[in-house]
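Okay, structure first, notes after.
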Amino acid sequence: MASFSTCDSKTIFFFFGLRAACLSLCLVGSVAELQRFEHPPKADGSLSFLVVGDWGRRGLYNQSQVAFQMGLIGEKADIDFVISTGDNFYEDGLTGVDDPAFNESFSNIYTAPSLNKQWYNVLGNHDYRGDAEAQLSPVLRKIDSRWLCLRSFIVNAEIVDLFFVDTTPFVDDYFTNPKNHTYDWRGVTPREDYLSNLLKDVDSALKDSSAKWKIVVGHHTIKSAGHHGVTEELVTQLLPILKANNIDFYVNGHDHCLEHISDTHSEINFFTSGGGSKAWRGDVKWWSPEELKLYYDGQGFMSIQMTKASADIAFYDVFGNVLHKWSLSKHLRSVTDRTFSYA
């Protein structure tokens, strides 16, 4: 059963079916703004999921090939759900809930039985260039029950709490220098209040978390050697909260590559999974070799398999080759790191 809470004092129960299982959601009154969903781990206490970002191109730019490999790895790993790090529909999000791009870029692409699980999605900057609220609408869940997209929310999975954060409104350029783009800021303005409340809610939720692992998911980068590089607004506003609350991983998209960067000043590891379709070959900036564990400028995705004691991370390319494996043990804080190269 999955539950979520807002500041509304009413309690609402509603159910939507999954193709492989039924996930129920209940709205519970609470002071917290962030909605909470329960996603139980397997009977043995383990949890497995895939992460993909920057994908929605109607199967083009190898999106379909990445989806095919996700299906194979998803079956082997017996995944519980999929996370999307945003930029779900290119170039300018959806035009509305009846936009055929939803089926053409999502439902008709990720068809493998193993991907027939809950998808937890955040919005990216390209999604905000269309009808952002369409992606948040329960109408899409009726079209494809796997779809769940909110601005910011929490998934409680017993051994891990996952905090999904709406990062696009943090970026100043989208407001001060939008160029020829039009952004859908409904639900976000006044921006200062929105960001202030969001940061307080994230900080409060992290402090209240008693889970063994804490993972924060956002679209934009905090550490990246890719095209967009570091998102300074997140470094100054969000990162101090993540460090103060000792999160384990920050997972993002935005840069169309696969990355693993550690932090010499904290125990946070930063993972970029933005290779769901179009990639940017050769677009890489210098980064300290002490921190940069993986940079791959091609298409692919990542998997995370967790128990209470350990987390195993793997990155895959468009052919299903393993690019990088990394493991972390909670008890001993021991790390195993393996990177693979292919001729």
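Here the Cβ of each residue, glycine as well, is placed from N, Cα and C on the backbone.
Per TrEMBL, the features are:
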{"type": "TRANSMEM", "residues": "12-32", "note": "transmembrane segment"}
{"type": "DOMAIN", "residues": "48-257", "note": "domain 'Calcineurin-like phosphoesterase'"}
{"type": "BINDING", "residues": "D54, D87, Y90, H256", "note": "Fe cation 1 binding site"}
{"type": "BINDING", "residues": "D87, N125, H219, H254", "note": "Fe cation 2 binding site"}
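Close to H219 (Fe cation 2 binding site), meaning Cα to Cα within 10 A, are the following binding-site residues out of D54, D87, Y90, H256: D54, D87. Its Cβ placed at the centre, H219 (Fe cation 2 binding site) has 30 other Cβ atoms within 10 Å. Separation of the C-alpha atoms of H256 (Fe cation 1 binding site) and N125 (Fe cation 2 binding site): 13 Å, rounded to the nearest whole number. Between the alpha carbons (Cα) of H254 (Fe cation 2 binding site) and D54 (Fe cation 1 binding site) lies a span of roughly 7 Å. In this structure the alpha carbons, written CA, of D87 (Fe cation 1 binding site) and N125 (Fe cation 2 binding site) are 6 Å apart. Residues G53, W55, G56, R57, G124, H126, G253, H254, G274, G276, S277, K278 surround the recorded Fe cation 1 site, their Cβ atoms falling within 8 Å of the Cβ centroid of D54, D87, Y90, H256, which are themselves excluded. If you take the Cα of D54 (Fe cation 1 binding site) and the Cα of N125 (Fe cation 2 binding site), they are about 10 angstrom apart, rounded to a whole number. The number of other CB atoms found within 10 A of the CB of D87 (Fe cation 1 binding site), across every protein chain shown, is 30. On its own chain, N125 (Fe cation 2 binding site) has G86, D87, T168, V171, Y174, Y183, H219, H220, H254 as residues at least 6 apart in sequence with a Cβ closer than 8 Å to its own Cβ. Within the same chain, residues at least 6 positions away in sequence whose Cβ sits under 8 Å from that of Y90 (Fe cation 1 binding site) are G56, R57, S105, H126, S277, K278.
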